[in-house]
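Asker: Have a look at this one.
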Amino acid sequence: MAARSALAVLLGLHMLLQIISAPLYSASALSTSYYDKSCPQLEKLVAYAVSKAIKNDNTVPAALLRMHFHDCFIRGCDGSVLLNSTRNNKAEKDGPANISLHAFYVIDNAKKAVEAACPGTVSCADILALAARDAVALSGGPRWEVPKGRLDGRISLASETRLLPAPTFSLSQLKQSFSQRGLSVNDLVALSGGHTLGFAHCSSFQNRIHSFNATHDVDPTLSPSFATGLRNTCPARNVAKNAGSTLDSTATVFDNVYYKMLIQGKSIFSSDQALLSSPKTAALVAKFAGSREAFGSAFAESMIKMSSLTGGGQEIRLDCKAVR
């Protein structure tokens with residue numbers, strides 16, 4: 001009897017360990033031809049909405065790419081980041097990590113056009129995945145075929161944004177975050193290259209330029225001249241609300257300059273610098289710094305993998321901001 005009880009406990013522990021070590025989400029059966037018959041105009045309609053927005057605001061590509069990433073890393077790619085908060089619920093977009101997200105109107109405009117052409121057919125999650133791809137392609141980056149067929153989730157919790165990888169993460173923390181989502185070290189380094197687009201507020205890298213540790217005021221891995229520039233932009237008692245730095249020197253062009261600057265000691269986040277802390281990740285950084293084509297190919301492959309992660313999508317929303 002005691003032996004059976006012990007066996008039951010061991011089996012229970014084994015199952016628990018399997019659950020803990022398993023990816024948070026799994027890839028679903030998506031298809032690049034999912035809407036070929038039901039909404040053949042879909043990709044053109046989304047691309048038009050993205051292109052129109054970029055003409056008026058060159059920060060849109062970075063915003064859409066980050067929005068998609070933040071959507072997929074919470075509950076899988078289910079459009080939950082698009083939902084507005086309600087009287088009884090604070091949604092993801094109002095979580096601390098997402099306060100600076102913007103350009104939601106681009107998805108709303110695309111959804112409006114798609115609904116006019118194909119009512120009740122295309123999920124907001126699919127529109128966001130397509131918009132992120134178009135944002136990259138229209139910025140000079142790679143274009144890939146987006147698998148489609150996602151459903152929109154009905155749950156969006158600001159508290160869950162703590163699950164997003166932070167700009168202060170070490171390599172081990174980054175690897176754990178990505179592996180929980182079934183993403184490899186190669187995916188980690190390739191997807192980090194999304195930082196070739198965009199802007200960071202002072203608060204996200206203040207730890208590297210003021211009171212870094214007991215020995216150094218500034219992170220010694222930073223180029224001294226680069227650090228001086230960041231300190232001038234972001235003084236210790238910064239009061240400028242929107243002060244910060246672009247993530248690389250060509251922040252509206254999707255290229256491999258991010259990796260080149262990383263090698264030069266000119267990265268912005270601690271999590272960027274962390275990519276140089278192991279031989280494998282450092283070798284990938286060097287590979288992508290040396291070849292824009294190699295980076296573009298790896299990024300597209302990893303984006304397909306990441307954007308195929310699904311959570312608990314249940315519906316096709318008519319309005320991306322609210323559940324049906």
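Glycine is no exception: its Cβ is also placed from the backbone N, Cα and C atoms.
Just so you know, TrEMBL annotations are computer predictions that nobody has curated.
Note that this is a predicted model, so its numbers are computed, not measured.
The following feature annotations were taken from TrEMBL:
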ACT_SITE  HIS70  active site, proton acceptor
BINDING   ASP71, GLY76, ASP78, SER80, GLU92  Ca(2+) 1 binding site
BINDING   PRO165  substrate binding site
BINDING   HIS195  heme b binding site
BINDING   THR196, ASP248, THR250, ASP255  Ca(2+) 2 binding site
DISULFID  CYS39-CYS118  disulfide bond
DISULFID  CYS72-CYS77  disulfide bond
DISULFID  CYS124-CYS320  disulfide bond
DISULFID  CYS202-CYS234  disulfide bond
DOMAIN    29-324  domain 'Plant heme peroxidase family profile'
SIGNAL    1-21  signal peptide
SITE      ARG66  site 'Transition state stabilizer'
Asker: Counting Cβ atoms within 10 Å across all protein chains shown, which of the binding-site residues SER80, THR196, THR250 comes out on top?
Answerer: THR196
Asker: Do me a favour and check the Cα-Cα span between GLU92 (Ca(2+) 1 binding site) and HIS195 (heme b binding site); whole Å is fine.
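Answerer: Cα-Cα, rounded: 21 Å.
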Asker: If we check Cα distances from ARG66 (site 'Transition state stabilizer'), which of the binding-site residues ASP78, PRO165, ASP255 wins as closest?
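Answerer: In terms of Cα distance, ARG66 (site 'Transition state stabilizer') lies closest to PRO165.
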Asker: Taking only C-alpha atoms and a 10 A limit, tell me which of CYS39, HIS70, CYS234, ASP248, THR250, ASP255 are near GLY76 (Ca(2+) 1 binding site). These are the recorded positions.
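Answerer: Correct set: HIS70.
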Asker: Measuring C-alpha to C-alpha, could you say which of the recorded positions CYS72, ASP78, HIS195, CYS320 are within 10 Å of ASP248 (Ca(2+) 2 binding site)?
Answerer: HIS195
Asker: Identify which of the disulfide-bonded residues CYS124, CYS234, CYS320 has its Cβ surrounded by the largest number of other Cβ atoms within 10 Å, counting every protein chain shown.
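Answerer: That would be CYS124, with the most Cβ atoms nearby.
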Asker: Determine the minimum-neighbour residue: among GLY76, PRO165, listed as binding-site residues, which Cβ has the fewest other Cβ atoms within 10 angstroms?
Answerer: PRO165
Asker: Quick one: give me the count of other CB atoms within 10 A of the CB of CYS72 (disulfide bond).
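Answerer: 28, counting other Cβ atoms within 10 Å of CYS72 (disulfide bond).
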Asker: For CYS39 (disulfide bond), which residues of its chain lie six or more apart in sequence with Cβ-Cβ distance below 8 Å?
Answerer: VAL114, ALA117, CYS118, THR121, VAL122
Asker: Would you kindly give the Cα-Cα distance separating the residue listed as 'active site, proton acceptor' and CYS234 (disulfide bond), rounded to the nearest Å?
Answerer: 26
Asker: Name the residue among the binding-site residues ASP71, ASP78, GLU92, ASP248, ASP255 whose Cβ has the smallest number of other Cβ atoms within 10 Å.
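Answerer: Lowest Cβ count within 10 Å among the binding-site residues (ASP71, ASP78, GLU92, ASP248, ASP255) is ASP255.
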Asker: On a simple 10 Å Cβ count over all chains shown, which one of the recorded positions ARG66, HIS70, HIS195 is most densely packed?
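Answerer: Answer by Cβ density within 10 Å: HIS195.
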Asker: Which one is it: of the recorded positions ASP71, CYS77, CYS124, ASP255, whose Cα lies the shortest distance from the Cα of HIS195 (heme b binding site)?
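Answerer: Minimum Cα distance from HIS195 (heme b binding site) across ASP71, CYS77, CYS124, ASP255 lands on ASP255.
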Asker: Would you kindly give the Cα-Cα distance separating CYS124 (disulfide bond) and ASP71 (Ca(2+) 1 binding site), rounded to the nearest Å?
Answerer: 11
